[in-house]
Amino acid sequence: MSRKPLIAGNWKMNLNHLEAIALVQKIAFSLPEKYYAKVDVTVIPPFTDIRSVQTLVDGDKLLLTYGAQDLAPQDSGAYTGDVSGPMLAKLGCTYVVVGHSERREYHAETDEVVNKKVRAAHKHGISPILCVGEQLEVREAGGHIEHTTAQLIAGLKGLKAEQVQNTVIAYEPVWAIGTGRVATPADAEEVCAALRAALAEKYGAEVAEQVRVLYGGSVKSGNIADLVKCDNVDGALVGGASLDGDEFTKLCALAAGGPLP
Ligand SMILES: O=C[C@H](O)COP(=O)(O)O
């Protein structure tokens, strides 16, 4: 089966709500509607921008979707600073990033916490983009497949098959994030294929064939075409290059198979 590629622009802690409106307008203006038949495009702004993005997407009936960068495991309560699944669902979020390496590192998120968040997302009808990826020392020791597969299985614990099917996996080698050091397409394919094989083993081939597995780490318009040619790479989680409207548009068009608009 052929999976529709997904390009997700993770803005991280960049752009205020006014800049968010300008960037979404730029992407909407630059990427003609016909491309959306071949690629799903989503933007993942900071929480403070989401309401503005929602208003724009709904008002102008844009074909791109949007999501959030994190969510709390709980639905509500005394959790100062956190944002819950019901809040994000009300804002129309299609996706929520869970377990990004920056959250695992700076907020000490364990696989157990990540799993609670994945479950919280599904509980509220939001597709989690579950991030996995190894540190440089793990890769150098040859443990990258074992490491990422363990993160995957732990992150999906307790999910039903149809929830797994509606989960997006993002393989992001930590050594390739924001460093300009992109994994080769062969590196990306090796791990993405192994993750799909692990899904097939646990949930069956039919489920595994449906799951989109993205690559992330220094993805740009210059390398996206070769990455999406890989059998098991179904798009990208894009950081830096998603902040530039022209570059992101180009990248989405190339993921759709071109030509450039
Ligand atoms: O979520 C996105 C990734 O962390 C990749 O970021 P990057 O494209 O800036 O390397």
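Using N, Cα and C of the backbone, Cβ positions are placed for all residues, glycine too.
Note: SER218 (substrate binding site) has non-local neighbours ALA176, ILE177, GLY178, THR179, GLY180, ARG181, VAL182, GLY240, i.e. same-chain residues 6+ apart with C-beta under 8 A of its own C-beta. In the three-state DSSP scheme, SER218 (substrate binding site) is classed as coil. According to TrEMBL, the feature substrate binding site maps to ASN10, TRP11, LYS12, GLY178, SER218, GLY239, GLY240.
For HIS100, the entry in TrEMBL reads active site, electrophile. Long-range C-beta contacts of HIS100 (active site, electrophile), restricted to its own chain and to partners at least six residues apart, with a cutoff below 8 Å, comprise ASN10, GLN69, ASP70, CYS131, GLU172. Under the DSSP three-state reduction, HIS100 (active site, electrophile) is assigned to coil, being neither helix nor strand.
Look at TrEMBL and you will find GLU172 tagged as active site, proton acceptor. A coil conformation is recorded for GLU172 (active site, proton acceptor) in the three-state DSSP classification, outside any helix or strand.
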I need the neighbours of the substrate site defined by ASN10, TRP11, LYS12, GLY178, SER218, GLY239, GLY240. Which other residues of that chain put their C-beta within 8 angstroms of the C-beta centroid, in sequence order? ILE177, VAL238, ALA241, SER242, LEU243
Taking the binding-site residues TRP11, LYS12, SER218, which residues show a Cβ-atom distance to ligand 1 below 6 Å? SER218
Intrachain C-beta neighbours of GLY239 (substrate binding site), sequence separation six or more, cut-off 8 angstroms: ASN10, LYS12, ILE177, GLY178, GLY216, VAL219
Does DSSP give GLY240 (substrate binding site) helix, strand or coil? helix
Site of maximum Cβ density within 10 Å, from binding-site residues GLY178, GLY240: GLY240
